[in-house]
Amino acid sequence: MPSKIFEILEKEEKRQKETINLIPSENFVSEDVLRALGSVFTNKYAEGKPHHRYYAGNEFVDELEDEVVDLVHRAFNIHKDEYSVNVQPYSGSIANIATYFGVLNVNDEVLSMSLEHGGHLTHGHTASITGKIFEFEHYGVGEDGYINYDQVKEIAKRFQPKLIIAGTSAYPRTLDYKKFKEIADSVNALLMADIAHIAGLIVGGAHPSPFPYADIVTTTTHKTLRGPRSAIIICKKNLADNIDKTVFPGIQGGPHMNAVAATGVALEEALRPEFKDYAQQVVKNAKALAEELKNLGFQLVSGGTDNHLILVDVTPLGLTGQQASDKLEKEGVIVNKNMIPFDTRKAWDPSGIRLGTPAVTTQGMKEKDMTAIAKRIAEILISKS
Ligand code: PLP
């Protein structure tokens with residue numbers, strides 16, 4: 001009997017080939033990453049840490065996890081005597097939650113960017129368990145769309161957080177980790193960098209590194225880093241015991257070693273010289289896309305981009321984010337609807353769309369293609385249909 005699932009899979013493969021993917025948190029992984037993800041490591045239970053497992057038969061799983069941890073140290077250019085690495089979190093959300101439970105007590109104060117201004121749900125939004133268990137206060141951007149570090153400092157002084165998060169899902173500008181560290185030090189807070197979106201840019205040298213400033217770094221592996229859907233926590237050695245115990249047995253059971261293997265393959269690829277070119281090109285493409293959109297009259301939050309993503313206010317076109325996203329999808333251009341800073345609309349149908357260049361850059365597109373895509377977006381969104 002033909003498999004219904006494989007029929008659906010073929011349709012999805014075709015959809016991915018035939019559309020233009022501008023979702024900034026997505027990418028196309030290599031055949032090798034897919035091969036590792038679909039490998040026999042999927043068959044194995046490996047609760048525990050390397051060489052300290054609750055199951056037998058983990059000789060090669062141990063070798064694998066040691067190697068992937070080593071690749072993380074190499075990719076981020078950090079020393080194993082200073083930073084501990086956990087490659088087991090199932091996702092970025094779990095990595096963040098494990099970090100909070102690893103270094104905080106219930107109801108402790110945390111300062112992070114608000115979702116509306118570009119933060120993530122797990123940075124203490126009220127709809128997320130994180131916002132229910134810890135006491136969050138938020139900073140945002142100024143009218144110019146840039147993080148206002150004086151505001152961050154002022155809130156930190158008043159709120160006295162135990163943890164400050166420098167991390168974003170929808171912020172088109174460079175983060176200043178040194179400034180975040182100075183603010184964290186001034187109130188004796190730990191600094192956590194959630195680099196989920198920009199990990200690949202950091203490894204490829206296209207965004208400043210959070211090291212040596214951050215005490216903890218969390219990241220997904222599937223965005224600009226171009227790996228499987230998984231996550232990593234890197235922290236100063238003294239925090240590792242608590243964080244590791246929170247990942248397992250605190251929150252998770254057996255790690256997905258197939259995902260860990262695929263993360264390793266993605267890191268091997270990210271350590272090749274070509275990946276530097278890729279990361280630089282992602283940013284060049286985003287800048288080219290932003291520039292042409294501006295020429296065509298679009299209103300961009302902060303007026304442009306320094307990284308892989310662009311936020312567009314579509315309300316001057318008489319559209320909501322949902323309407324713009326629907327119109328584009330009909331024509332094969334896939335984007336995110338997204339809130340913009342000071343949005344008066346709700347997350348389900350916000351005022352903006354979020355565009356990014358990681359996936360189209362993997363397909364080999366360059367600046368001239370971005371100009372063409374911007375023109376196509378204008379045709380679709382400005383057309384009357
Ligand atoms: N942190 C940031 C900054 C993100 O952008 C995301 C996902 O978009 C996450 C965490 C959560 O990752 P996941 O979807 O793997 O749980």
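The chain as shown is numbered from 1 upward.
Positions of Cβ are set from backbone N, Cα and C atoms, glycine also.
Since the structure is predicted, the reported quantities are computational estimates derived from the model, not experimental observations.
Pulled from TrEMBL, these are the features on record:
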type	residues	note
BINDING	L115, G119, H120, L121	(6S)-5,6,7,8-tetrahydrofolate binding site
DOMAIN	4-376	domain 'Serine hydroxymethyltransferase-like'
MOD_RES	K223	N6-(pyridoxal phosphate)lysine
SITE	H222	site 'Plays an important role in substrate specificity'
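Classification of G119 ((6S)-5,6,7,8-tetrahydrofolate binding site) by DSSP places it in coil, neither helical nor stranded. Cα-Cα distance from G119 ((6S)-5,6,7,8-tetrahydrofolate binding site) to K223 (N6-(pyridoxal phosphate)lysine): 16 Å (rounded to the nearest whole number). Within the set of binding-site residues (L115, L121), the lowest number of other Cβ atoms found within 10 Å of a Cβ is recorded at L121. Apart from the site residues L115, G119, H120, L121, the chain places the Cβ of S112, M113, S114, T122, H123, G124, H125, S128, S169 no farther than 8 Å from the centroid of the site's Cβ atoms, the recorded (6S)-5,6,7,8-tetrahydrofolate location.
Less than 6 Å separates the Cβ from ligand 1 in the case of H120, drawn from the recorded positions L115, G119, H120, L121, H222 in sequence order. Separating the Cα atoms of H120 ((6S)-5,6,7,8-tetrahydrofolate binding site) and the residue listed as 'N6-(pyridoxal phosphate)lysine' is a whole-number distance of 14 Å. Neighbour counts of Cβ atoms within 10 Å were compared across the recorded positions H120, H222, K223; the minimum falls on H120. A separation of roughly 18 Å, to the nearest angstrom, links the Cα atoms of H222 (site 'Plays an important role in substrate specificity') and L121 ((6S)-5,6,7,8-tetrahydrofolate binding site). The distance from the Cα of L115 ((6S)-5,6,7,8-tetrahydrofolate binding site) to the Cα of K223 (N6-(pyridoxal phosphate)lysine) comes to 19 Å. K223 (N6-(pyridoxal phosphate)lysine) carries neither a helix nor a strand DSSP state and counts as coil.
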